[in-house]
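According to TrEMBL, the protein has these features:
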type	residues	note
DOMAIN	2-486	domain 'Putative ER transporter 6TM N-terminal'
DOMAIN	659-792	domain 'Integral membrane bound transporter'
DOMAIN	797-1018	domain 'DUF2421'
REGION	294-374	region 'Disordered'
SIGNAL	1-25	signal peptide
TRANSMEM	98-121	transmembrane segment
TRANSMEM	130-150	transmembrane segment
TRANSMEM	684-705	transmembrane segment
TRANSMEM	738-755	transmembrane segment
TRANSMEM	775-796	transmembrane segment
Amino acid sequence: MKPLIRSSIVAWLCTLCMVIPAVEARLGNASFLALLGAFIQPAEIPLVAVIERELFTLGLQLVAWAWSCLGIKLASLARSRTLSASEAPLTAVFSGEYLEAGPAVICGVFLSIGAAACLYLKTKFGPSPFLFASILACICLDINLAYAALFPYPYYKLAEQIIIPLALKAAISICVSACFFPKSVNSLFVERLCAVLEPLSLAARDQIELLQESPLSPDFNFTRVHEHVAKSEGSLLPLQASARLLTRELSFGLASGAELSELVLLTRRLMNPSDGWAYFYSIVRADLKHDRFPHTPLPSRGGTPVASPMATPSPSRPPSPTGAGRSHLQAKPNDAEQHMGALSRHFPHLFPSSRPHSPGSDHDSHSQPSHSRWHLHLPRHHEPAPVGTWESLRFSALESRLHRKEYDVHTETCMRILGETSRNILAAQADGLDHVVAWLGALNHERLSLLRRRVLGGKAAADGEKLKSTRLVVEHLEQELAEFSRNHAIVEPFERSLDPDCPPDKRVPHRYLFQAYVHAFHTKRFTVRLLELLKVIANVEDQRSSKGGRFHLPQLPRLFHAETWRAMGEPSADSTQHDDEPQEIAYSAPLVSSLGSTRRRDPDALEPENMVQEIGSRASHWLHRLQGPTAAFVVKAAMTTALLTLPSYLRQTAGFMYNEKAVWAVFQAQLCLARHRGEVAFGFVSRMMATLVGATLGLLLWTIASGGNDAANPYAVMATAAVGYPFLMLLRLHLPGPPITAIILSITAALVMGYSLKDSINPTIGFSGTGWGVAWRRFVATAIGTGAAVIVSILPPSSTLRRYQRTAHAAIINELCQLFADLISFAASSHSDEAVPRELHAKLLTTRSKLRRIALLRAVVSYEFSLRGRWPTKRYDTLAATEMEISKLLSHAVVVSEELGPAYSAALLRRTRGLDPLFLGDVIAVLQMCSTALQTGEALPQVTPVLVERLLLVAQGGFAISRGEEDEDFGLPRLITPSVLKEPQYQAFSVGVSVMFGLVLRFDRLVNATKALVGERYPITLDFNRTHAYRPTEYS
């Protein structure tokens, strides 16, 4: 409510300046820009952010003015006939009587280059202070250079018509933000930090109840924790955006901006263990629901039989336990025969029957050749051939080896024990998070009392109680952590399984202990990191002065430091910023390599042998980058600006263009232009709808203010503004949907109101009327400008969001492959470099940010018209979800590797084939195949390595750390006893096994998701008699 009031006051004061004749005359012909600026940049953000935004806006305005002055000077030098201002009446100027070709060309070139540069800044930095600053600078260039060629003399002050109203608006915004309900970055940061921590508190507290329920119950909610964690992660991006300005303001209180900035990193470190909770419930659900593996949807028609019949599956191989369904084949151990029967019906070439067919049995398949000839093409259009059949068959054989129905009791037992052992620590975690939220809430509320105590003196009893409370929370949480670490009740059901004399049917499989350890491990990690956060808060309280808070001076930004400008481009929740040429993104070389360093080669040229070839190679690389979507966007922006401004430089049409406000069409075209056709099409639809509604609202406001006349009473205008602006600003700030729709709607209404007021009070040359005349011109200009943007976006070279989505996911897979290689290298190293895991975590966070930006753009793809058919939204959603899961599991693997140390880490790699070059070669080859297939759009082979199968065939199972005498033991125990199971290192080792298994499983899911998009090729005949048999002990 307070931001709404502040923003409405700014708009009202800008209107007040317009109705004062002396002020309006000083503002110039574009005085209404002050009102438009109030709606473009409302005062809804903290004071420091307003100051920064206005400074950036005015700074870019001045740069645009300087660029315009340079162009005007060169144009005046090219002019053959120069007159003084007194010799050229304005009516003749704006009718185009003094236009010359040379100055017009120079102004057009400078306008095109300057506008393209401003739009490049807008797309480069995304949501940041550069966003609206670059837009307003573009407007300054358009007006200045479009009309400068009309004057027969260098008119350098033309830009004052734009800069002075916007400077007045900036001053009003800063004063209002400082005087009316001032908002500090500190306060905003605290609110957003609480928004991150509160869902985590619910995630911890809800598990107390959740772990007491039976997972076999149909009402058990496996996704409750994931929903809380996802909500918390969604609040991280706004938190990081607000943290950037924490040290830029003068503040008073217990904590400085730098101290609060430290809380961002500590809070972000809570995300990994909390996501570990969500992963635990996902693997339990996968066991009970039998949806661990992706399965191929069954077609409604059988495949075309191949010429060579296949051998029947080996009877020694266990039946495939899946149930057939039209949408998915979901594995169930008691449905093996049904699944194989379904597969044999739909894929007869894979499962020929062993019994002879009767003559009548083939009658239907051979009696209608003519009908099948005429209708054979229909299934190809409406029912595409299934993909992933080979993987589905292999997964079906694996499912029963991982979890059988009779093992449900073990899952239920482990969940019950986890509920008993972790109840107290989960409650302590929730209490600790609630205490942090309460402390943050009191941080801002007690500023005045602290300031009064510092000035007048007073007791600090309340603060002493707060300090004691923080210390008590820390001590209580440490006690619960120690008690939880000592409690090994979860090991008891598995102790008998370690006895060699225990019958096989009485042994509890090790994987259920490993699953339970996933929850326990991340519970402890969450507690440790929460303690770090609480201790920092306690230290902040320890360091305060005896009188309470203190003043904290702002820190000046490092303007010449790359990180300062890189932080400007951090995307917000509504960001559509994306990377150029995503397929070329790559990380550094692997950390450790036994085969030497790696380097990319140019397939079309040998290595440069001299300086000339080196320069040519680098030049070729940069020229290739100029062919990307961003370069094409910049060229098209310049071309569109030039074409739409061209009639203003022609003597026959210059007057018409000025009177009809054709420059508005140039604005709209520049705002609508984007790198991809889908974004431009979306911009066209949203701007046309918003302009129509905004023009209607503007007409309504003006009609009320003027009473239906051409002129309006100033008092009526101000009264109407006082009532109408809050509702209009409410739409600007809180209208659901894309922000650009709310912006265009509100500024269109403000333009109709402000321009009508301007022309009714102080009409100028080229008077466009009031009310309807302004609204109609605005709508027509929007239609022309956005229509031109759509046409230009279609012209080659044209980039589509469909292709961008595909290539961006290819780049993400490429990054994940590199990160997996970096993880293996780090796990196999001595762990001496502490910077390596931090770098890995930072890269993984960057990858997840890219995935979120890609997801935001998927909603716009539907606006791209294509005759090829609908875009496969659900398939891309599946691919993106799999990539996100892989990135999170890689983060878990890095944490586990940090915890294990070199010996256990090497043992983990041996157990999960992380040091096996054959298996690693398969993994990297599969990931690269997926990336290349998405990059090129080519289909994958029908038969590809099933990584989970290859992992389970060779890797050992059970509780053992190493396989036996043939393996190095790394100094670790060979004999597994109950005491070994209770060791923290073994617990982390078991979590690593589960995480690596989940990681490899998701690599297989990635292959299926990629095949669903690109399809399959290279069909071959298979002999299922030679497929591997599975040993019952080899499951993870």
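The count begins at 1 with the first shown residue.
Even glycines carry a Cβ here, placed using N, Cα and C.
TrEMBL labels come from automatic prediction, so no person has curated them.
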Determine which residues of the chain contact the signal peptide (1-25) at the Cβ level, with the cut-off under 8 Å and only residues 6 or more beyond its ends counted.
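Hits for the signal peptide (1-25): 31-32, 34-35, 37-39, 42-45, 168-169, 172-173, 176-177, 180-181, 183, 714, 717-718, 721-722, 725-726, 728-730, 732-733, 750, 753-754, 757-758, 761-762.
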Summarise the domain 'Integral membrane bound transporter' (659-792) as counts of helix, strand and coil residues per DSSP.
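The counts are 106 helix, 0 strand, 28 coil.
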Tally Cβ pairs under 8 Å between the transmembrane segment (738-755) and each listed stretch (98-121, 130-150, 684-705, 775-796), then give the stretch with the top tally.
684-705
Residues sitting near the transmembrane segment (98-121): Cβ under 8 Å, six or more positions beyond its termini, same chain?
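Result: 60, 64, 67-68, 70-72, 74-76, 78-81, 83, 88, 92, 130, 134-135, 137-138, 141-142, 145-146, 148-152, 630, 633-635, 637-639, 641-642, 645-646, 649-651, 654, 670, 673.
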